[in-house]
Amino acid sequence: MIKVYNTLNKKKEEFIPLTPGEVKMYVCGPTVYNFFHIGNGRTFIVFDTIRRYFEYRGFKVDFVQNFTDIDDKMIKKANEEGTTVKKIGDTYIKEYYQDADALNIERATVNPRATEFIGEIIKFVKGLVDKGYAYEVDGDVYFSTKKFEGYGKLSGQNIEDLQSGARISVDERKKDPMDFAIWKAQKPGEPAWNSPWGMGRPGWHIECSCMAKKLLGETIDIHAGGSDLKFPHHENEIAQSEALTGEPFARYWLHSAFVNVNNEKMSKSLNNFFTAREILERYDADVIRFLMLSAHYRQQLNFSEDLLESAKASVERIYNAIGNLENLIDEVSREEMNEEEKAYLESLNKYKEKYIEKMDDDFNTADAITAIFDLIKDTNTNITIDSSKELAQKALELIRELGAPLGMFQKSTKGNLEEEIEALIAKRQQARKDRDFTLADKIRDELKDRGIVLEDTPQGVRWKMI
């Protein structure tokens, strides 16, 4: 039984899909006017992992993640660069895919662009106007929040107490400060489409509601995104969607927490961000994913070079274990398991059970990773050159099986690990000959951090995994 923390009801709930065995999931994607930063990257990695885990547990997942390709920021960027909004969108959608692929983020079932749904959006807006939930002023159309009885139920805020916030534009023409634009009249130099209210373009909130309804249906299983979208974006999506259809918009709302730098949220507005591409130039995707999944997705995560280095060492330790098993598969002479090995392999299932228990509990990736470390500690100790090829192969398959939903530990290290370790041992031996004991100790400690212990014997230096 999978339990998820539902932001809407402020508690963990058993996940029961609308259709048995299927998950309809919508995740708010990027506004494509720049490279995405690693804070956005955490959101994409988290919900990619959740999608993968549902699939691992046997669900068919319809996974929709949109591109916002018409927006104030995009218009500003296009004007600055003397190009069109469409060209900006085309460019950064391509760049998104390049970075997301590099982070081993699986492609969505559909990545809709808002501009591909203008006709549907106009119908959606008209439906709200016809029902009395929206009103037109000088070509702009606003949603009347006071008309929707449940406004504020996601964020837990009372509409009477809400004030115009930083992300809510103040406009004297609105009937209430909390009303928000679902259609915007054209301004000079802006792209626009013909509508019953004149030339204009959609508001941000209406885009996601419309695309989710069109691609997944009036009610979906999961709507997800970063916690900064909870209000007003997701609150507004609920209001306009449920006002139009009269049905619940999403049964479960999931929100990933911020990535912080120096205890402040990473954001482009604070100019304290690192793009995913910048980090990918220096660290492998497994390292970045490991860091992003090393804390529960609802916990804020601090980002620093030290934490990246720590994640790198942890990933190397797991790949060392993988490499050790790959080498054993090539080197051991006995093919099949004996009865004792079959019993030992069966005992390894406790790590899989622990992993599933933790992931079933609101996708606790941090504890799931701990279960993988416990597994490799066991295999490092008990699978040796005297073991069978079959046992080493089965253990390797189990490590990869548990790594797959996390999007990690799938690469082969064949030939690389042993050569790298032997080279470091040779370097250490030379340092000792040169009486550079500081360097020799540093190499020994570096190997130990990676789970490799050196033993000085009369026959020379030997190494083993721990």
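Glycine is no exception: its Cβ is also placed from the backbone N, Cα and C atoms.
When Cys208, Cys210 are compared with the Zn(2+) site residues Cys28, His233, Glu237 in Swiss-Prot, the one appearing in that site is Cys208. Within the listed segments 30-40, 129-139, 393-403, Swiss-Prot records motif ''HIGH' region' for the stretch 30-40. Per DSSP, the motif ''HIGH' region' (30-40) is made up of 3 helix, 2 strand, 6 coil. Comparing Cys208 (Zn(2+) binding site) with Lys268 (ATP binding site), their Cα atoms are 22 Å apart once rounded. Highlighted in sequence order, Trp204, His205, Glu207, Ser209, His223, Gly225, Leu229, His234, Asn236 have their Cβ within 8 Å of the centre of the Cβ atoms of Cys28, Cys208, His233, Glu237, the residues recorded for Zn(2+), and are not part of that set.
On the 0 to 100 pLDDT scale, the motif ''KMSKS' region' (265-269) averages 80 in the predicted structure. Packing around Glu237 (Zn(2+) binding site) is summarised by its Cβ count: 27 other Cβ atoms lie within 10 angstroms of its Cβ, all protein chains included. Geometry remark: Glu237 (Zn(2+) binding site) versus Lys268 (ATP binding site), CA distance 24 Å. Taking the binding-site residues Cys28, Cys208 in turn, the residue surrounded by the fewest other Cβ atoms inside 10 Å of its Cβ turns out to be Cys28.
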